[in-house]
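Peer 1: The following feature annotations were taken from TrEMBL:
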ACT_SITE  E247  active site
DOMAIN    19-471  domain 'Aldehyde dehydrogenase'
Amino acid sequence: MTPITGQVYIGGQFRPSAEVTPVLEAATGTPLGDGANAGTADVDDAVSAARAALPGWRATPAARRAEILVALAEALKARASSTNELVTRENGMPMSLSRGVNGAFPAVLLNYYAALITALPEEEVRSGPTGHTTVRHEPVGVVGAITPWNYPQALAAFKLAPALAAGCPVVLKPSPETALDAMVFGEAATEAGLPPGVLNIVPGGTETGVHLVAHPGVDKVSFTGSTVAGRAIGEVCGRLLRPVTLELGGKSAAIILDDADLDATLAGLRTQSFTNNGQTCYLNSRVLAPRSRYAEIVEALAELAGSLRVGDPLDPSTEIGPVVSERQRDRILGYIEAGTADGAKLVAGGSIPKDQPRGWFVEPTVFADVDNAHRIAQEEIFGPVLAVIPYDGDEDAIALANDSEYGLGGTVWTTDRERAMSIARQVHTGTIGINGYTLDIAAPFGGVKASGLGRELGPEGLAAFRSVKSIYGTGPS
Ligand code: NAD
């Protein structure tokens, strides 16, 4: 399928955007097509269309909204193979991952929230000391949703599925790097019979996002992206007293305990530390290794990095594709230089692979002898770069894991479940996995500290798009 280029999707129609920015193929650097770069007038029109759609969509019975969400899921699934290819070309995501998280995953999430909104009562009556109160769940209103390029389809679905289920029209602002795949949501929405204006898509850069966040017609902002942008958006929303959900960066730690099964741990870290070419917010970019097994773990991780299959992301056997852009590649290479300059020891990778002169590839890289205070241990690199830090005893491991500005994810690797649970309880993050880390769509996802505010997924992800109203003096007398 040929991608839709240079268009925004407003009020159920595609139309040319104010400006365009070429979207480049990550593996080759060649243009894939013009991405929309929506201007302020496009955003104004999108918000107007969403406001016009609000009364009708919020009044649509939940069961009918759910039917449309299921139809939208089907329409996305029908396009899955071309969407997967498009995303892989745009951002370098290996095809083996693309297949799970693009066409397929948004459909799973739409079906989940369709079922949830049908099952949850809109109103419940509570009895208290002063009588009966009806507690009503109402859509929060028009949502401004801003997404990054690393999982463009999945992270948009984190917002679209619960917002649409709750009865909220959405103005989605995808990243310029992945402006093309975003249009698939528009095509699918039209096919599924989503009423015009319930979903509007205005890809663009920071300026487009800034205009959307502060727009007087927006009732709620839901943002996924960097902590720097999240802070700026949080400040605006604070001033406007506008509800905001912020899913931000991370520097999560894998804590390998001294009793861990190293083969199983390494098999897990193969994805937990490198998935999507290191461009995943929750991945374990710090590995905390017990000093008693430090040398063995460093050697195994270096071997693991060297064994990852780097290459064409469209090849289903590729494990590491290119990073999204030249800018991102240069940023990662800058961190690799900083690691060496700070005195860490490079034990794998460290440069551009010699057999990948085109596109934005970086070798899977491992640093040993890292101090947790080093920049490569504290700052989010967002590339295939691991920092291995030694520790002495469980308390030290917990302290190091918590000695971070961020608090998004993490893992504990051990053969002792009780010990793992005890450590998991003490790590200050929004999520953590034991001997693995797989998102559960029925459980809340999000971060603490500089990793964000609020939660997505699960019933909590729906609650983020509903406001509650108490109507006193109601219910059975
Ligand atoms: P980014 O913050 O540069 O951009 C994200 C989106 O916000 C883009 O659409 C961008 O155009 C827009 N934007 C940037 N500044 C803005 C502003 N001031 N106002 C409004 N919109 C603005 O992030 P990125 O480089 O695209 O994505 C990578 C970052 O996203 C990483 O830090 C990563 O950890 C984070 N991320 C977090 C999660 C999570 O769930 N916690 C998931 C994926 C990615």
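Glycine residues also receive a Cβ, built from the backbone N, Cα and C atoms like all the rest.
In TrEMBL, annotation is done automatically, which means it is predicted and not curated.
If you look at the structure here, what lies around each of the features I listed?
Peer 2: E247 (active site) falls within a strand when secondary structure is assigned with DSSP. Within the same chain, residues at least six positions away from E247 (active site) with a Cβ under 8 Å of its Cβ are L155, F158, F223, T224, G225, G230, C281, F445, G446, G447, S451, G452, G454, E456.
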Peer 1: For the domain 'Aldehyde dehydrogenase' (19-471), what is the mean per-residue pLDDT, to the nearest integer?
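Peer 2: Its mean pLDDT is 98.
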